[in-house]
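J.: Sending over a structure as structure tokens; questions will come in a sec.
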Amino acid sequence: MTVDLDALVSNWRSLDSASSDTTETGAVVKANGYGLGVQPVVRALAKAGVKRFFVAAAEEGAAVRETLGPNVEINVFSGHMRGDTDMIGDLNLIPMINSTDQLLRHVEALPGHGFGIQLDTGMNRLGLEPEEWLSIRDFALDLDPTLIMSHLACADEPDHPMNLHQLALFTDLTEGVGVPRSLAATGGILLGPEFHFDVTRPGVGLYGGLPFAEASPVVRLDLPVIQVREIAAGETVGYGNTWTADEPAVIATVAAGYADGIHRIMGPKTVLFSGDTPCPVRGRISMDMIGVEITHLDEVPQGLTILGPQQGVDVLADNAGTIGYEILTSLGGRTARRYKGG
Ligand SMILES: *Cc1c(COP(=O)(O)O)cnc(C)c1O
């Protein structure tokens, strides 16, 4: 796997310039930087000027703190979970509080330690419900939260009425709070300036995925060819004999499979590339190997590209009936990563 850190930084800059100078653009680096390796990702982004990182869990925040030291802000979406107090306190992580219980736990365990507030404006996933928020609002605001945020459920569908509904509710719940506010992830940034508020939280767009259609590709995955064989008409390839050659064929076996995030279900629709030449997957994707037809190539390649400029994350996602986020975060559990630029 090759991760282009210059492309990552350029995607961050594009999303940053989509909002005005008064809006701070953070970076969401949860799930090991969407599967690309959190340390090189946060180093490159911090060098480019990112001051605020978002993670899902305190442990992920600890990894960012270890990599970057004290001068960045690290916000934790899961808030202040039982058992996380030492990590939050010692490493100066800022929990995004999502319930009255969490707020009480936080102020009792770490009085004076920073925190943010997360409101649920309709996604019904995480955050204080409007009524709960209104009942503790004055108490919470007296404790000087550093951020008030909410999350959009349908931001990748610009015309979805949920977007304006959540915008109106968030605006209403936070009118006049005097605290920086944040509503937009990648999709929200693209919806327009009224969604930007003071801080944006792009994730997937940084890594080259939709809904940021203009993103530069960040990940490339080249799979080594481990064996090549000629098969006769009528022979089959792979588990279950699901593919039979009509004519004599040359099949390359490449070293990767569903254990590397190349989901079995994408097999029938997926091609690999030798340069610009597509080479179809033949037979079922195994745990560690994939059969690919290279009959039409002039010579046997050393490797074939499954993810790169010829075929992006979202094409593979379509082939697998899923979204780019799931492809990115599934890739590369045991794959060596090479980093370019940064
Ligand atoms: C994951 C996440 C983000 C980033 O979303 P993208 O769609 O990847 O840009 C932002 N905010 C919250 C609360 C999230 O969970």
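Using the three backbone atoms N, Cα and C, a Cβ is placed for every residue, glycine included.
Please treat TrEMBL annotations as automatic predictions, because they have not gone through curation.
The shown structure was predicted, so the numbers you read here are calculated from the model rather than taken from an experiment.
So TrEMBL lists the following for this protein:
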- Lys30: active site, proton acceptor (ACT_SITE)
- Tyr239: active site, proton acceptor (ACT_SITE)
- Arg125, Met287: substrate binding site (BINDING)
- 218-340: domain 'Alanine racemase C-terminal' (DOMAIN)
- Lys30: N6-(pyridoxal phosphate)lysine (MOD_RES)
J.: Between the Cα atoms of Tyr239 (active site, proton acceptor) and Arg125 (substrate binding site), find the distance and write it as a whole number of Å.
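T.: About 40 Å separate the Cα atoms of these two residues.
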J.: Which one of these recorded positions, Lys30, Arg125, has the sparsest Cβ neighbourhood, judged by other Cβ atoms within 10 angstroms?
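T.: Comparing Cβ neighbours within 10 Å for the recorded positions Lys30, Arg125, Arg125 has the fewest.
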J.: Taking the Cα atoms as reference points, how far is Met287 (substrate binding site) from Lys30 (active site, proton acceptor) in Å?
T.: 26
J.: For the C-alpha pair, I'd like the distance in angstrom between Lys30 (active site, proton acceptor) and Arg125 (substrate binding site), rounded off.
T.: 17
J.: Around ligand 1, within a Cβ distance of under 6 Å, which of the recorded positions Arg125, Tyr239, Met287 show up?
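T.: If the test is a Cβ under 6 Å from any atom of ligand 1, the answer is none.
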J.: Quick one: what's DSSP say for Tyr239 (active site, proton acceptor), helix, strand or coil?
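T.: DSSP assigns Tyr239 (active site, proton acceptor) to helix.
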J.: Please report the DSSP secondary structure of Lys30 (active site, proton acceptor), reduced to three states.
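T.: DSSP call for Lys30 (active site, proton acceptor): helix.
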J.: Counting by DSSP, what is the helix, strand and coil composition of the domain 'Alanine racemase C-terminal' (218-340)?
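T.: For that range the per-state counts are 26 helix, 48 strand, 49 coil.
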J.: Near Met287 (substrate binding site), how many other Cβ atoms are within 10 Å of its Cβ?
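T.: I get 12 for this one.
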J.: CB neighbours of Tyr239 (active site, proton acceptor) within 10 A?
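T.: That number is 13.
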